[in-house]
Amino acid sequence: MEICYVQEVASSLVREFLSRKGLKKTSLTLEEELPRAPRSISTRNELRAALHLDRLYKENKLTEKPLKTLLEIMTKYFLEHSGKTKALNMRGEQNPAPPKGLATNLQQRHAGDLMMAVCDVSDDETGESSAVSDTSKTEIYRSQNDLQFNKSNHLKGPDRKQKQTEAGVTSTGVCSEGELMPPRVNIREHQERESWEMALGAKSSRSETQRPRSSRMVRGMMSGPTASSQEDSLKKRGPRRSAAANTPNPIKGEVLSEITGGMGEPSTIAPANTALKLGKEFAAKLLSTSENLRNVSLCSTNAVPKPNAFAAAETAADGKGATEASPYASNEHRRRSGFSNMDLNSASLAKKTLPFHRERNDKEDLKLDDVEDCLVTEEIRNIPTALPGNLKQIEGKPIDLAQAVEIKKILFGSSFCCFSDEWKIQSFTFNNNQPLRYGFIQKKGGPCGVLAAVQGCVLKNLLFGKDADLRVLQPSDSQRTSCLCKAIADILWRAGDNKEAVVALSCGRPQFSPAGRYKADGILESLILYKIRKYEDLMGFVQQHISQFELGPFGCTLLTLSVVLSRSVELVQKDFDVSTNCLIGAHSYCTQELVNLILSGRAVSNVFNDVVELDSGNGNITLLRGVAHRTDIGFLSLFEHYNVCQVGSYLKTPRFPIWVICSESHFSVLFCVRRELMSDWKMERRFDLYYYDGLANQQDEIRLTVDTAATYIEEQENDLTPPLEHCIRTKWKGAVIDWNGTEPIL
């Protein structure tokens, strides 16, 4: 289990909580202080699948008052399975009546006292990092009338007091080594309740004289009033650490036997063992997450380790650090001891509770975050020092008024124009219709040229990439998101002449005050520009912020701005045949220049090959710029059928059998799943092409069979020939096209 993966899943869980609760300011602060890691989980469905919460999610939906967030669902599940079914319900009631045996001890305390329950929860015990203060890692439970039980009351002698100091347990339930964090033990059986009563009866006199230890602050949580001052707290922290260093491996069974007053009956230890087993069960589920999500990732591993194998590997890796004198040595010993005691029954129970979903495998290379200096352990020190390059932090530069004016002029021809609503609501959102999961959904007309060009690049990675899954057209969420990341990175890198790229992201806050001849549109003013000079860094950065492109709301606009800035406004203007051209034309339609910029990296105005010189007759020569090289994604146009233009071979015969189709002022995609179509002439005799149009509300797959061996005879009186067929015949002259039962698109 990689700690960085657990931390990233946890941070994604927090982001989902903040988003569902509508805490926008907190979310923005979190994004600034804890940026998303590469390949971060950005969708709720993917996060739910990663945590195996599908069953719990469905059960929650059936309740009278369903919980809104996954974090609440997990919390409810864990509390219910830690013996708190009666303590917590959907309405959030948290104050159950205490057991009879403990009520007697509780009544002896002053009514005004505020009791603090402090359970030490270290990274070693939970398997993940917690956001805690610099002086302590504790989980604080504040209660006035809840069940209170002081573990220190049942420890006798100096050695036992030393163990009590190390464990850091002062009240409420048992918190023995290896447990996740069960704060209280809920005694269900009558025999167990009697055992606890006997234990309390024997130690009740010492319970009144025992002074609670000072509480420790958890970041973001206010502590209640305590009897000891802050200075007193600092004095007590020192002995705690020294005791932890000098007392290796306290034994769980021994501590439990002391708590129960020396009674060795199994029934008295059963509640703690049950809580321990449930804690391990939940930890095993978290441990199994990254092991279940490996196949699609760029970083693959060999096999899923069993709990005992995991413990053995950790022990071997920590062998060197165990010999060093450190205040954390005891914690490390407890961690290894806790994992070594984990049996296969816990793992199998976890699998039965939350089944695997192996068809959606995805392991993320994520960012290690929120590790305090005073909390560094051998587990953190053993992380390889060679971190992936995509974890590099990239400094952004806010856009200024002058840049915004230049961009608007190159986009619209005027700084008074703005992005239309069709552009503002459009992102690269995938279709969840099962036969068309690879395709984008277009909400309204306008940015169809950008969508079709990016769609072609996504299909290239999906069908012919290194991790192509046998040309399957029904990718998982993680697969299609990964293909979108690579498509965006390739487009921007190509526009930057394979030397650099600029990624424009929205921060949600204006970076300058509009003035003069400039009209604000709410998008350009909030941009942060990130210049990246390595492709690996670009890929990691796009993966880290893919949610802005995929979920939006300005995904399509941000990509357009990024590709223009990657090419630079000056070079885009030089690519035009006429300097007054623009990238977005009338009615917010994409121009040919914008489509060419995405496909070839140059905003040329024509689709023929290379450059054509026109002699105006007076010795003046006009240069018309076309596509300079063979592209990855091709282009076919209905205008060629009407003899308005001539598409060159660079676009007609691309490296991959994917074409952007321009027909009736609309852009869509045509592709073949067999790459041999571009290299084997025998393949061109009869082959299948697939057509996708994100705007047409397409529900089913459209497969066309093209037969070039037969001859198509056009009927002069028939005006109902589908425009798509005309586009196809600009490349395969006279081919017969069969729609295979699908109604032709007219």
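Glycine too: its Cβ is placed from the backbone N, Cα and C atoms.
Lifted from Swiss-Prot, the feature list:
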- 123-179: region 'Disordered' (REGION)
- 141-152: compositional bias 'Polar residues' (COMPBIAS)
- 165-174: compositional bias 'Polar residues' (COMPBIAS)
- 198-254: region 'Disordered' (REGION)
- 319-342: region 'Disordered' (REGION)
- Cys448: active site, nucleophile (ACT_SITE)
- His666: active site, proton acceptor (ACT_SITE)
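Taking the C-alpha positions, the distance from the residue listed as 'active site, nucleophile' to the residue listed as 'active site, proton acceptor' comes to 7 Å.
The Cβ neighbour count for the residue listed as 'active site, nucleophile', using a 10 Å radius over every protein chain in view, is 27.
Under DSSP, the residue listed as 'active site, proton acceptor' is assigned to a strand (E or B) in the three-state scheme. Same-chain residues at least 6 positions away in sequence with a Cβ under 8 Å from that of His666 (active site, proton acceptor) are, in sequence order, Gly445, Cys448, Asp693, Leu695.
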